[in-house]
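The domain 'Radical SAM core' annotation in TrEMBL covers 60-311. Taken from TrEMBL, the feature [4Fe-4S] cluster binding site applies to CYS74, CYS78, CYS81. Annotation comment: TrEMBL describes PHE80, GLU186 as S-adenosyl-L-methionine binding site. Summarising the annotation, TrEMBL assigns (3R)-3-methyl-D-ornithine binding site to SER150, SER304, SER326.
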Amino acid sequence: MTLPDQKPLETPASAALLEKAERGERLNHAEITALYSLPLPDVAAVAHHLRLQRSAPDTATFLIDRNINYTNICNVGCNFCAFYRTPRQKDSYTLDYDAISAKITELEAVGGTRILMQGGVNPALGLEYYTGLLRHIKAHHPSIRIEAFSPEEVLFMEKTFGLSLDALLDTLIEAGLDGLPGAGGEILEDDVRAKAAPARIRSNDWFRILDAAQAKGLYTISTMVIGFGESFEQRASHLLKIRDQQDRALALYGNGFSGFAMWTLQTENTRLAGKAPGASAHEYLQQLAIARIALDNVPNIQASWPAQGFKVAQAALYYGASDLGSTMLEENVVSAAGNHHRHNATVRELVRIAHDAGFRPAIRNSRFQILEYPDVDIYLGTGANATLEEERAVGAG
Ligand code: SF4
């Protein structure tokens with residue numbers, strides 16, 4: 001995407017807009033769109049000011065978790081996806097319960113508290129695979145929260161298993177589901193979605209499923225991916241739709257999105273390679289800062305180290321982000337699309353990113369409640385007793 005000409009801050013209109021944003025007043029669509037034309041340092045300063053007000057000012061949080069992709073077989077065929085396979089491809093897979101359990105055991109060994117478990121839409125799987133899997137995990141790993149299944153997977157289950165959405169969610173919750181990640185948000189404008197993935201879940205279903213999950217008290221998160229060639233107006237619309245849903249969910253259920261995660265499109269090995277512009281670090285940081293300003297009802301904004309790398313993620317802590325996401329241990333989807341940054345992080349690395357940026361590192365749970373302030377001296381090896389064995393003992397990975 002071509003960046004707009006950057007206008008000087010000194011115009012009265014832009015100065016007034018930034019002052020309004022800095023006061024924490026709610027911005028409308030035109031005002032959010034106008035932020036994209038302002039110098040990034042000025043937008044970032046406002047975003048950081050709001051971040052200090054809306055989340056613990058001295059703290060940068062993160063989660064110890066693991067991604068588990070239980071199957072890569074998928075019949076949706078998104079143009080931007082390098083992860084999915086057809087059943088006939090040699091490297092297609094569906095994990096059995098024991099293989100998934102072994103991955104969770106590794107997570108438990110490093111002090112992890114949740115799994116983020118998603119897959120392709122695999123038409124060979126029946127409802128009993130999903131409910132059996134949830135029950136197996138709860139029986140063998142009772143302390144691990146299971147946040148699983150994107151709205152796309154839930155839509156497939158709803159259409160396939162003859163259950164209403166309400167009954168389906170009740171069934172999954174009864175089997176052990178703790179949360180429904182809001183993956184697949186991308187840009188919640190159907191023009192953009194239809195071009196990037198004609199069979200992809202549309203925005204009304206994405207919101208309908210997450211609204212139902214929020215009504216049942218499930219954990220959810222809001223997401224965004226930039227770089228499809230979407231306009232700034234469409235990005236602003238995406239943010240406003242999330243803000244509106246958050247207003248609704250908090251008012252009706254007292255349970256909305258726990259946070260907002262945003263990353264940049266990766267197209268290597270996909271059908272969008274050379275066709276979608278992707279997004280630079282500048283655009284990523286700009287979008288993050290504008291999200292912080294626009295989403296006045298979502299206090300936890302995540303930096304994305306898997307898509308942007310550790311260094312940009314660290315800088316993001318001054319562009320509105322208050323959280324470094326999670327360790328992941330395993331990432332298969334973004335990495336399949338040619339992302340050349342690391343696909344997992346150790347506790348030690350995330351402690352260093354937060355500490356060196358001037359924040360107190362804090363390990364949180366998926367609800368963004370702080371579980372522990374890791375001892376920086378031990379993790380970074382500056383204390384008298386910092387040995388590798390001790391780092392391992394505290395879960396440095
Ligand atoms: S993004 Fe998800 S739904 Fe789309 S093809 Fe990949 S695995 Fe399937």
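Cβ from N, Cα, C; glycine included.
Taking the Cα atom of each, SER150 ((3R)-3-methyl-D-ornithine binding site) and GLU186 (S-adenosyl-L-methionine binding site) are about 12 angstrom apart.
Apart from CYS74, CYS78, CYS81, the [4Fe-4S] cluster site neighbourhood in this chain, defined by C-beta within 8 angstroms of the site C-beta centre, holds VAL76, GLY77, PHE80, PHE83, TYR84, GLY120, ALA197. Only CYS78, of the binding-site residues CYS78, PHE80, SER150, GLU186, SER304, SER326, place a Cβ under 6 Å from an atom of ligand 1. Distances between the Cα of SER326 ((3R)-3-methyl-D-ornithine binding site) and those of the binding-site residues CYS74, PHE80, CYS81, GLU186 are shortest for GLU186.
In the predicted model, residues of the domain 'Radical SAM core' (60-311) average a pLDDT of 96. Classification of CYS74 ([4Fe-4S] cluster binding site) by DSSP places it in coil, neither helical nor stranded. In three-state terms derived from DSSP, CYS81 ([4Fe-4S] cluster binding site) belongs to neither a helical nor a strand segment and is classed as coil. In the three-state DSSP classification, SER304 ((3R)-3-methyl-D-ornithine binding site) falls within coil. Comparing CYS74 ([4Fe-4S] cluster binding site) with PHE80 (S-adenosyl-L-methionine binding site), their Cα atoms are 13 Å apart once rounded. For the (3R)-3-methyl-D-ornithine site listed in the record, the two most distant Cα atoms among SER150, SER304, SER326 lie 19 Å apart. For the pair PHE80 (S-adenosyl-L-methionine binding site) and SER304 ((3R)-3-methyl-D-ornithine binding site), the C-alpha distance works out to 18 angstrom. Across the binding-site residues listed here (SER150, SER304, SER326), the residue whose Cβ sits among the most other Cβ atoms within 10 Å is SER326.
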